[in-house]
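**Q** Next up is a structure, given as structure tokens.
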């Protein structure tokens, strides 16, 4: 009867026989198409996110609260193009047997960025989604007034960067560059450092993927239910005006229409014409003339035009991130916890570069989504691309006008004019 030692030796010999033909990724028929895909994703990611930042920074209509977060997201995606895509291509399919020719410093930077950017991206998506949730669901709450201030947005973004960096330091600590002779090296994570990568990868998956996506799903589900129940996407809130007791006015009626605050004057509601048809025409005319946008003090820091399509754009961004980054997380978890060996000449080895490409595509696809789903972004990009005359002068005038309307005027006089009515605030 064959003992267990001999059986193990035979199995190992058979396995080595299956893997004697080299790696599938070293074959030109597989390598060259993958390199082409890498280069396409790199070009789109680099140029698309760089142009997105340029449009948001230079065009006056794009400097909104939402776009502040999206500019940080584009910056994170730009770091993917700078430190991850080409380096991963060189490591996986650029040289035979996964050789790393880029040195030790780039090895540490590459591994850290590979884990840091997805955490930062989902953190920024959570920040912008919290802002949208408060604006739609609690437009006049004190939390909304605070979160829509520039200083609070900066603190939220800064905290997201710091938390993302801190939570991915273990990957940098456990990174090693292994050298094999003078011309061969491998950049890899090791589980012999201060942190157990098996546990850290699992914890990171739940903290930076499952938990934030669950929170995002709940927030957008509530927003969607609110918009669906409202039908016309209008929510009415009535509060007394400041001089209602002295003037006899009935107060001010606010409406949230597609995330936009609207107020109606009510100084002529007591007028009752004798002719019903004249009354109807006069009421329609009065309503059309006196329906003016109104911004509560905190909401003036926020873009007044917040229609439902902005929420749809953010939902698409979150969905694309969840779908495209899932293969990378799944492969990483499988690699960390699996004990069975994998042969390099098996077709399953293709899951490694394909999961990386899917991860990088999540950073490259965002500018494409902006172009297809945002008319304002297309118009602003067209202005920047064709260098339309007067754009820079309008930029400086817009900054001066916005500063006067929002910052320099007293709190109570930013919306009310001397006659007691309301002025347009753009």
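Keep in mind that glycine also has a Cβ here, set from the backbone N, Cα and C atoms.
It should be emphasised that the depicted structure is a prediction, and the values quoted were computed from it without experimental measurement.
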**Q** Looking at 199-221, 222-244, which stretch does TrEMBL describe as transmembrane segment?
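**A** Of 199-221, 222-244, TrEMBL gives transmembrane segment for 199-221.
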**Q** For the transmembrane segment (152-173), find every same-chain residue at least 6 residues outside the stretch whose CB is under 8 Å from a CB in it, and list them.
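**A** For the transmembrane segment (152-173), the sequence-distant neighbours (Cβ-Cβ under 8 Å, at least 6 residues beyond its ends) are 65, 68-69, 72, 108, 111-112, 114-116, 119-120, 123-124, 126-127, 131, 146, 189, 193-195, 197, 200, 204, 207-208.
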**Q** Take the transmembrane segment (35-58) and find every residue of the same chain, 6 or more past its ends, with a Cβ under 8 Å from one of its Cβ atoms.
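**A** Distal contacts: 67-68, 70-71, 74-75, 77-78, 80-82, 85-86, 88-89, 93-94, 357, 360-361, 363-368, 370, 377, 380-381, 384, 391, 395.
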**Q** Can you see whether the transmembrane segment (199-221) and the transmembrane segment (70-90) are touching - at least 3 CB pairs under 8 angstroms, only pairs 6 or more apart in sequence?
**A** no
**Q** Restricting to the domain 'G-protein coupled receptors family 1 profile' (48-370), report the mean pLDDT as a whole number.
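**A** Mean pLDDT, the domain 'G-protein coupled receptors family 1 profile' (48-370): 79.
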**Q** Under an 8 Å Cβ to Cβ limit, what residues of the same chain, 6 or more beyond the ends of the transmembrane segment (309-327), are close to it?
**A** 66, 118, 121-122, 125, 128-129, 132, 136, 209, 213, 216, 220, 223-224, 227, 259, 351, 354-355, 358-359, 361-362, 365-366, 369-370, 373-374
**Q** Using Cβ atoms and a strict cutoff of less than 8 Å, what residues sit near the transmembrane segment (70-90) while being 6 or more residues removed from its termini?
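**A** Contacts of the transmembrane segment (70-90) (Cβ under 8 Å, skipping residues fewer than 6 from its ends): 34-35, 38-39, 41-42, 45-46, 49-50, 52-53, 56-57, 100-102, 106, 109-110, 113-114, 117, 120-121, 124-125, 128, 157, 160, 353, 356, 360, 363-364, 366-367, 370.
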